[in-house]
Every structure is written in C-alpha cells, then in structure tokens.
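> Got these off TrEMBL a minute ago, pasting:
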| type | residues | note |
| --- | --- | --- |
| COMPBIAS | 543-553 | compositional bias 'Basic and acidic residues' |
| COMPBIAS | 556-567 | compositional bias 'Basic residues' |
| COMPBIAS | 568-580 | compositional bias 'Basic and acidic residues' |
| DOMAIN | 188-313 | domain 'C2' |
| DOMAIN | 360-486 | domain 'C2' |
| DOMAIN | 648-769 | domain 'C2' |
| DOMAIN | 890-1041 | domain 'C2' |
| TRANSMEM | 1140-1160 | transmembrane segment |
Amino acid sequence: YPERRLRGVLEELSHGCKCVFISLANKDQNQSGKTKLDRERLKLCMSEMETIGQQAKAMRSQVKKSTVRDKIKLAQNFLHKLRFMADEPQHSVPDIFIWMISNGKRIAYARVPSKDILYSNVEDETGKDCNKVKTIFLRIPGKKGFGPAGWTVQAKIEIYLWLGLTKQRKDYLCGLPNGFEENKLSLGPSAPPISLTYMMKQIFQLRVHMYQARSLFAADSTGLSDPFARVFFSTQSQVTEVLAETLCPTWDQLLVFENVELFGEATELRDDPPIIVIELYDQDTVGKADFMGRTFAKPVVKMADEHYGPPRFPPQLEYYQIYRGNCTAGEMLAAFELLQIGPNGRADLPPIDGPTDMDRGPILPVPLGIRPVLSKYRIEVLFWGLRDLKRVNLAQVDRPRVDIECAGKGVQSALIPNYRKNPNFSTLVKWFEVDLPENELLHPPLNIRVVDCRAFGRYTLVGSHAVTSLRKFIHRPSDKQANNWSATGILSLYKLECGVILHSERSCKKKGDDIEEEELDESMLDWWSKYFASIETLTEVRNENNIKPDDSPVKGTKKGKGKKDKKKSSDAPERRKPKLDELKVYPKELENDYEYFEDWLHTFNLFRGKGGDDDDQNVVDEDRLIGKFKGSMCVYKVPPLDDFSRDMSMDSSMGMFQNIPHNDPVNVLVRIYVIRATDLHPADINGKADPYIAIKLGKNEIKDKENYISKQLNPLFGKSFDVEATFPMDSTLTVSIYDWDLVGTDDLIGETKIDLENRYYSKHRATCGIASNYAIHGYNVWRDPMKPTQILAKMCKDGKLDGPHYGPGGRVKVENRVFMGPTEIEDENGLKRKTDEHLALSVLKHWEEIPRVGCKLVPEHVETRPLHHPDKPGIEQGRIEMWVDMFPKDMTAPGPALDISPRKPKKFELRVIIWNTDEVVLEDDDIFTGEKSSDIFVRGWLKGQQEDKQDTDVHYHSITGEGNFNWRFVFPFDYLMAEEKIVISKKDSMFAWDETEYKIPARLSIQVWDADHFSADDFLGAIELDLNRFPRGAKTAKQCTMEMATDEADMPMVSIFKQKRIKGWWPFVARDENDELELTGKVEAELHLLTGEEAEKSPAGEGRNEPDPLEKPNRPDTSLLWFLTPFKAIKHLVCNQYKWLVIKIVAALLLLIIVALFLYSMPGYMVKKMLGA
C-alpha cells in the first residue's frame, strides 16, 4: 500500500519539522559564538521547515490511491529543499585531506567532507560515512586532476574515519568489523591505539566472469578501440586480453583472484562484501593505455558452509553501466562470485568447467554454468545502399563494401563499383549462421563496418556502427489462429459493428437537424479554410487533454480559442460550426509517428574518429558522423519455426525479405509545400529577420530570394516547389530558411533534413497523404494521380490479399473484412453519380485493421519540423510547417500543385456615425456661476492606425452630459477573413528599405474627450469594440449599462462582418483614483461595414461633408456662451441645480408671511370680539 507508506512518511516529516527541528534550533540559538550569518540562516531554516511541515500535513490528507504518483513527486521536492538547506554556506569544521606521498612529493589526494564523518550519539544525526570502512579513490592534485586525465584512479584505499568530540572518544571504534586487538602505547587509557591486529582473517577466492561489453567509447581515430579490462579487488588486480579494433568486445574470460584476505566476521563479509572496481582501457602501441570508463560491482558471496547451487549459484550474467566522467560510456556483461576457502583448502571449491571445444592456452573461458546457453541462429542481412559518405583521409570514397560481424562470424556485401554513380548494392540479401545465446538480453552486438577498396589492394576503414540490441530484428512467427480471419463469428461481428456505426451516424444526423448549423459557402472555401479548421480541432483536442499551450505546434493562432469562447457565449438556439473536411496537423516531424519509416528499411549511422570527452554516448555526435548504411537484418533460429519456407511463391534468394521493391534507380517528381515558419531566431540587429526559403535536393538547388518576407519572425510563405530527383542519388531533401541581407551574404537561420527514400519505400505509403474524403472538385479535391480504388487494388495485389470485392448497399470486402461507406459523388454541376471511391477510401483509412499486412497509412497532413543550425547543434532555431508529395515519373503524371499561396487581404470600409452622447461626466467649472459643464468631442480609430484617428466637432458647454454630433468617421482597411486580422503595411522608419506587414486584431476604439482652449484636452472615457465579437448596442440610453463593457460573457454578441450594419448605445468607461472602472458616459453610434466595391459604388464623406452629407445636429441654445442667453442660463441654473433649495425658501417665506399676518390681525380681532363690535 504505497499511499499508506507515503502518509506515514509525510506525518513523520511534519512532526520532525515542527517539533524535533524547532527544539534543536532553540538549543542552537542559546549557544554563544554565533555570527550574524549563522543567526539569519537559522531563521531562514526555521521558517522553511515550518512551511514544509505545514505543506506535508496538508498533503497527507490528500494522498489517495489515484493521486499517490503526483504526491510522490511533490514529496521529492521537499527532499531537494532539505538537502539544499543541509549544506552549510561556510564550513565551520574543515574537511579532511588524505595525501599519498612518495619521496617527499605529493602524488595523489582525496578530500572527505567533515559533515560526512561527524559523530553524534543520536544515530540519525551521524554523518553517512562515520563509523564505516569506506573505499576511497585518490586523484591527481592540481589542474591535471580535471578532465579526462583526472578520471583514472591513482590509488584505492580502504579507510575507517571517525570525527567527534573528545568526550565521545570511547565510541570511535564501534563501527569497525569485529575480531581485532588494540596495540596501545602507554599514554593513558583514553589514548587511541597505534594499530589494530585482526585475529579473525577469512581467505577467499574471487572469480570474475568477463563475458562481453558493448557501445564502448571510441578512443582511436578510426572510431574504434582496442579494449581490455583491468579488475581491482582488495590488494590485487588482473587484466583481460586485448581485443583489437572493436567497440563491442567479447572477452569470454574468467579471471581468478587467489588467496584474497578479508578481515572481520564472516557474516559481515557475506552481507556487505568489498566492492570490485573494473576499469576499461584502450591499448595503444605507443604510449600508455587510454582510460575508457569505469564501473563498480559487488560479488555474490559463498561461505564455506554454504551449498553451491540454486538459487544464488552459479551467479547470472548481468549488465553493468560504464561511466566515463559523468557520462555513460557503454555496458559490460559480467558476473562476480566470492568463494570462501574452508579448512580443506581449494578442494571444497566448485570446479571450473569450461567448454571443451576451445583451447585458448592460459586464458580460461567463462564456465558452462554461467556462460549463456547457445543455439544456432541464421542472420539474414539486407544490403540496400550507402548514403552521404564523407571524405576519408582527404580522398573520396569510391568503391565501398560493408562487413557484418556478430559473435566471431560474419558476411561481406557486394562491392559498389562506383559510389557516385549508384550508391546501392547489386546483391540485396546475404546470410550467415552463428551461435547466439537463447536469452535475447545476452545477444552480442552486431558490428557494421564500411571499408573502401582503394588502389594496390589497400582497404581503408570508412566508419562503423554497433547494433547493440538485435531484439527488434528477431523474426517471430505469427500466430496461425490469429491470422485465420475466416471465422464466421468474427466476420458477422464486424458486419454488426459496421451496421451499428452507420445506424448511429444516421440517428445523429436526424438529431442534428434540430440544431441550427451554419451553412457553408463552397465558393468561399479554399485550402486555408481546411488548414485553419484542422488547427482549431488540434487546439480543442489539446485543451481537452490539458496539454500546456506552449507545446502547441502552431503559435500565434488564437482562432481555436476565440471560437471556443464564441460557443460558450452564444445565446438562443445552439449553432454548430460548419463541418469542413480536415487534414492532420502533426506537432512534430511526420517520421516520429511512424517509427522513422523504418518498417523494413533501417538507417544505421556510421561513425569515425575519436569520441568527445564530454559527450554522452547516447547523443549523436555530428562531427564523428561520416555517413549512413541502409539495410536491415532478420535473425531466426535454424531451422525456421514456421511454414514460411514452404511457400512456393517466395523468392529463395531474398530469404525472409519477400515482396520488397528492387533498389534500381527511380526517377521521382518531388513536390514540396512550405506553409509557414514560426518562432524564427532573429538574424538582424533590429531583432527581426527577412526570411526566404531555399530547397536543396541532390544537385538541384532553389533559392526563393526574390520573395523574401520583410521583418518577420513568423512568416507566412504559402509556396510550393517542384523538383525532379533520382533515388538513391538524391535521397536527402534539405529545406533551409535564410535571412536576406542587402549587403553581404545571406545568413542561414536554420534547416531541416528529410530522408525521402525511406518515405518513398515505406509500407505506410508516405508518398502522397490519403485525404479524409474523396472529392473531384472544390477545396478538397483529390490530388493523388491514383484514385482510391486503384490504390486499394494495388495494395491488395502487393499484399496477396483477397479482394477488394464491391457489393451492393455500399459494402466492400477485403480479406473477409467488410467495410461500408457512401456510393454517390457530386460533380461540379451538382449531379450525383455512382462511384466506389468512397468505399475504397474507407478501407484505406482503416488499413491497419487488415490482418498480416495491415499498417497505418499516412493521411493528408501538415508536419511541423524544427529548424537547426549546423554551428548551434541541439538548439532549435524555429519551426517550419510543410509537407512533401512524391510521384514516380513512370506512372500517371500528377495534376497541378495545390494553390496554397497566402490569402490576399480584402478591402473593407467601416463607416461609424456618432449620433449622440449622454451622461458624459462634467469636468469644467463655470467661472461666473460655478456650474459643471464639458466641451464634448468624440475620437475614433482602428487599432494599429492611431495616426489616422478622426475627431468630431466640439459640443460646447454641455451642462447635462448630452452631446449631439451627427458625425461620420470613415475607416478603410485591408482584412483577412480567415485569420480575423487587419493587415497593415508600413515602413518602420524613414530609412527602412521596404514596408513591413503587420497583422492586428480588428478593434475599433472610441473615446470621449473634454476640449480645452489653453491646456491639454481631458480624457473622459473610452470603449474598445472587437469587430468580430462585441456586445449588441442598447436600444436606449437608459438600457445602456457599464456591464456591457465589463461582463461581456453574459451579453449577446454580434460580429460586424456578419451583421454589416448595427446601431445602438454603448458605455464609456474609465478608471478612477482607486483603479476601479466607472461609467463616464454613453454614446449612440451606428456601425456600417462595406466591401471596397460597395464603398466605391456608394461613397460617403467624412464628418458632415459630401457625398451623402448628414444633417446638422439640433443642439440646444445652452451650448452657446452663458452671457449671450442670460435668462435661459439662469433658468437652467435654478431648475437643475437649486430647485429644491428655492422650493424650501419659498415655503419658508410663505410660512413666515402667514405667521406675521396672524400676529398682525390677532389683537384687532380680539378687541372686536371683546367689545362686541
């Protein structure tokens, strides 16, 4: 239960961080002698530990069976943090140096960190090497100790180190192996002994079974080595024999170390034996041997009282990784056993039973129980050809030959008489028999060497390659029952499945009728429509799979994202995007998904020259690469296990390589389509580049220098190139991107190389991609010269399959498999006629389901290839999107190339009429009356065209925030419908050579300003409308709210490109002092979009000018200066600003008058009453 264990570890970690560490830290704080760095570091550690403790506690509750893998990764982050904090920034205790001195000269040294051997009474706080016998390797001091010279071990010592306080000295010997006596001087009871005498001594015999090694370091200039191994154990060392000129030596040698004395108890030695050091060297005729690598091993220990038998004995051969410095340098296959010599001496040891059929003098072969069990195998080799061979010793390779060797046996290819004329071999298949281990993991490597036969019988080694694993070349007889597809159960099941699929599709269509689907205008669609729809699908799939957007093959295309948002925010009836025929967009090279098209023809890199000291052997070294050998192998037991050899139709000279094409020269038309490049490396001082395409195939070279694209790092090329080639001479296509320069030579930005030959001969049919649907006209027209029915018939014939049989009801049968599909096609006139092409295409799309010969066929596609520069290996210089079609010249000529030229932007004119504004904030204070007012005007422009901004006239002295304009803005622009971008071409500066093209989202900016005579105009508010997706305008000013600008997701959206004309109210917003959005006004505007032709037919003037002038606005008189109409100004002042104050004053005055009248008339009235008058 890993989740339980992880929970326990996290609980222990949180407890240790909170309690144990804090108590230790508090104890540490109280000690004196602390520097400021110590105190600050302690604070940092305490806060970090507290954080880790809290995170570990929180994580513990989240650990479940499903999340345990992710949580382990997070727990490893804790471990990295703890290890980082454990390292002291300044060493308070000095490290220990061990020196080896000869004649007063320091020869070698080792440095042991003091923290590793520091002793503590608490076991967890003790250094990892304290109280232990450790093997330490001494190295050369000074500058010589760095690099390859310092990798060899100068000396090996076994040492016991202990560092602790004086009061802990009684524990310094507690980790030593038992069975010793101390020899002390009379310096006191606490003094350490001057030496230890071991009374318990064990005698052993070490048997080292060195079988073979593979993928060793190339130490000689030929690209090979003369390797031997030196084995160190305890105080003894021995060497194997030297094997000349190989990187995969098979020593098959037993080294016996007699009378090895080891000290300590037998049980300790059994559980933890000393390590064995194996070093590999290259023997040189002059000078000392070169170090090639080192590995370590622990032997299997057998004590005298143990039985020599299964399961531990005899030991199994194992692979040990060889290291050269920090890099891997091959593997070694060996076994090690350490046998205790008992009281009867060597008589008790198991005998060494070597094979009797070989006599190698004093060299002992690996015994029978340990050496692998061998069987007779046949290795058939397909010799196809050699490619890209470089010069050797300044001379060109002219008459090469390939030698194949495995386990001491081999075969030679036919000689190529003239490499430049035809680099293919005349005899295709040869074979040899060899004894190989039955265990596939122990198979020896197969060595490929290319030699050049020169004048006077001289043979020069060109290059070599070691096939370390034969596993993928082993022929495995297929299961007969699996191939028996005639079982009626399977057949009927497949029919049933097809029927279900067809039925479900129909039902889906019926259901889909309710959903409103956008109609496709076939005349508007082109190849780019298909391309963008494919990218959108790829983006959606990546989003569903939660793949990071950085990995997206197409950077800069936000189309998929935008469409998704549109779907989310769409209102009313659900609209479904139109279903376009799509192609497959590969985010990497095409060959990555098809095993590099090595289904039967493999490419082996040939190397020559000494390996680099710092290079990892797993990385291809371009400097050592001297060429390529094309061919294959087939390994099988003799006799073959299947009935393949009884097939009468097979060609016996071809062995297992049946039905492969001949390697005679083939003339091919290669059609290269380059769509675009992304993220190119800048090549100019301005941080941009002027890229153009260069194509090289054999002697043909095309440089499209005239059509360079100015100042672009993401250029859109949309180009196709036709090149004629002859395989095998012209098999590598190089597509390069250069930077155009006015002065000097053009710079290479990056290039990509494609092996066309492997694609051409592959069973995946990478010559021309299979389209998703068959069409004879329109944007998805079938571009292969062979129709689907012809392709299917050819593939069935080549694969010796039964079929195809076309039946009624839209069915086709191939090898007892039934496929279904439509049987009608629509021609250019809309007339439908019968065809079997759709049926054949449905089989080709599911070709991998066909038994025995089925494989996935390459679909119509676009591949994304990284660009690299020869001088900057391993660093991507950008990416290029492209695809390649190949058509044999001896077959039907293909039609014209697809038109993938970039879409030309269409001319549009946007007319924006600003009718009115309302509730605009008032900025100015009147000098005489103190009232608030604004002198309003509106400004508008399209994004990217700020220099062409347009302003309305000024509505002066608006005291209500209302403005009347009746003003027209006219914005002509070029627009790409597919990319939803405005295209602007302009020069960056007056010194620029040519215009730079920019693609900018179509956004309209409208702003409201307050005009000032003597100071800068005041900005009041703005709104930016995305012309493809902006909120529908409100019908009245009251319905217009700030949410229209802030909460677009909840608003009904419109596109001016679909609506063409729209009128309404939109809000102006601005940020206040607290950086929060506030409503600063409203504008009533009308947007009218016309194409360039429509604009020419019905022109309109800017502002209120001819043609088609607008009426002058009916502005109220208060818009004039206040002193020209004083009464109206006073009326506005009284009515609007002081209305309630005036009412209150009038009411108070009336009340006072009433009270005064009452007081005035009361006395006279009372007198009259009293006197009765």
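Positions of Cβ are set from backbone N, Cα and C atoms, glycine also.
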> Just give the helix, strand and coil counts over the domain 'C2' (188-313), going by DSSP.
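DSSP classes over the domain 'C2' (188-313) add up to 6 helix, 61 strand, 59 coil.
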> Per-residue pLDDT averaged over the domain 'C2' (648-769) comes to what?
90
> For the domain 'C2' (648-769), DSSP counts of helix, strand and coil?
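Breakdown, helix to coil: 12 helix, 53 strand, 57 coil.
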> Using DSSP, tally how many residues of the domain 'C2' (360-486) sit in helix, strand and coil.
13 helix, 56 strand, 58 coil
